Each structure stands twice: as structure tokens, then as C-alpha cells.
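Input: a single structure, listed below in C-alpha cells.
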Amino acid sequence: MRLIPLATPQQVGKWAARHIVKRINDFNPTADRPFVLGLPTGGTPLEAYKALIEMHKAGQVSFKHVVTFNMDEYVGLPKDHPESYHSFMYRNFFDHVDIPEENINLLDGNAPDIDAECRRYEEKIRAYGKIHLFMGGVGNDGHIAFNEPASSLASRTRIKTLTHDTRVANSRFFGGDVNQVPKYALTVGVGTLLDAQEVMILVLGHVKAQALQAAVEGNVNHMWTISCLQLHPKAVIVCDEPSTMELKVKTLKYFTELEAENIKDL
């Protein structure tokens, strides 16, 4: 596992965007051989999306031959609701880059057959071979996507009941009213994430410090879903300074020295 310790959310977003752009450009995708990118929603990736849009506008990257799969979607929220993840992705990213509509894959939280929708999503991912890079965030309780504590580390795309803590955390997007936050969501599984060629998780703020500590210094534990990254051959965590407050001094020093060349010029 790599840990990239930075100072601010802006630096985290910029580092993540540069990493994605390098991966896409090194892959040199074509129509017949697209780069497959997994994407998250929420507040954490916003700086990364801003930086990706800037790099696209500067001619540094094209998304014409990139295929995307999003991590999750609320169940029962209309697609055009401002807080649906469909709306979020178009508003904050897709509308600003050159990705073709047919290359965008989002879970349908209003599908008449939820189980069939989850199977369809998994099958479509498999049809592309694998996701080359999956970017994600993490919840205060260590959840990745909506894989809440005690999720199976072998799980696939499915419906999940959201914990009260997750709904409270997300209520800030719903006018502070937890009752407006859907109780269920569709989410890729932990196993789906671990199948990706590379997983990059962004961690911001002191409220994520326990989750980061569990990911880096704790044991693999289904109560801290983020700890599954220890099982992945190519995992990278990009974090800001407040999120590192629970790490041991020697742990942080180790990764800071190890990544010194990779965190310059931000």
C-alpha cells in the first residue's frame, strides 16, 4: 500500500487528478481499447474533479476513450433529483469533459428489478475485463462506496441498508433533514473494488482519522471496510494533514520520506 500524505484537500485533489491523467495517457486508450475508470461522489472527490476538468480544458487529457463506472446510487431517488448521484456526476464532472454519453455507467436506483440491475452492472464491468483505476472516498466509519461496517470482503454489487450515521453524515446534502436521506442504496461490492487493477482512496479531514488509522495500521477487519486495501496489490491512499492525526508519528514519517519525490510541485 502507498500512502500519500499531503497538507490540504486542494493538494489531495490535484495529486489524484494528476495520477488519473498519467494512468490514462500512459494507457493510450482507443475506441476498441478504452481505459476503464471507477468514480465516487460526495464532497471528498470534488477537488479532484475540478483539477481533472482544468487539465482537460488545458488539453492534457481526453476522456473520449474512457469508460466510467460509478460506485453507488441511492434507491428510490429520482434520477433528476439534485442529490441523486446521477445528477451529481453530470453537474460536477461529465458535463465539463469530452466523455461520450454511451461510455458513462451509473447504477439505476429506480430499476424495477434491483437484483437484476446489480447483476447487469457486474456483468458489464466483467465485459470490459476489469476496472483499471477505481477512485473512492471513505466514510467516518471506514465504509467505501456504501459497503457499511460488517460488509463481506467478497461482496459484489448489491442493495445495502444505510446506517444511521451514514444518513446523518449525508443529511447535509438534504437540507440537514436525515428523514430526506434514502434508507437504501445500490453499491459496488468490496470484491468488485478489489478486482480493480488499482484502487485510489482519498481521505480528508479529522473526522476520517480513525478510518485512516484502521486502513494503514489496523488489521484487516470487516468492521473497517477500508482495511480491505491491505489485500490489494496496488492500493494508494491520498490524505490531507488533519486525517493523519491518529497515525503513529513513525508511520507518517515513513510514508512522508518514502513519497518525498512524488509529492513535490503541488
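Backbone N, Cα and C atoms are what each Cβ position is placed from, and that goes for glycine too.
Taken from Swiss-Prot as is:
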ACT_SITE  D72  active site, proton acceptor
ACT_SITE  D141  active site, for ring-opening step
ACT_SITE  H143  active site, proton acceptor
ACT_SITE  E148  active site, for ring-opening step
SITE      S151  site 'Part of the allosteric site'
SITE      R158  site 'Part of the allosteric site'
SITE      K160  site 'Part of the allosteric site'
SITE      T161  site 'Part of the allosteric site'
SITE      Y254  site 'Part of the allosteric site'
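Neighbour list (E148 (active site, for ring-opening step), Cβ cut-off 8 Å, at least 6 residues apart, same chain): D141, K160, T161, L162, T163, T166, T225.
The Cβ of H143 (active site, proton acceptor) lies under 8 Å from the Cβ of P149, S151, T166, T225, I226, each of which sits 6+ residues away along the same chain. Take the CB of R158 (site 'Part of the allosteric site') and look out to 10 A: across all protein chains shown you find 21 other CB atoms. Other C-beta atoms found within 10 angstroms of the C-beta of D141 (active site, for ring-opening step) number 19, with every protein chain shown included. Between D72 (active site, proton acceptor) and R158 (site 'Part of the allosteric site'), the C-alpha separation comes to 10 Å.
Over all protein chains present, the Cβ of K160 (site 'Part of the allosteric site') has 21 other Cβ atoms lying within 10 Å. Comparing the recorded sites S151, T161 by how many other C-beta atoms lie within 10 angstroms of each C-beta, the top residue is S151.
Counting in whole angstrom, Y254 (site 'Part of the allosteric site') lies 38 from R158 (site 'Part of the allosteric site') by their C-alpha atoms.
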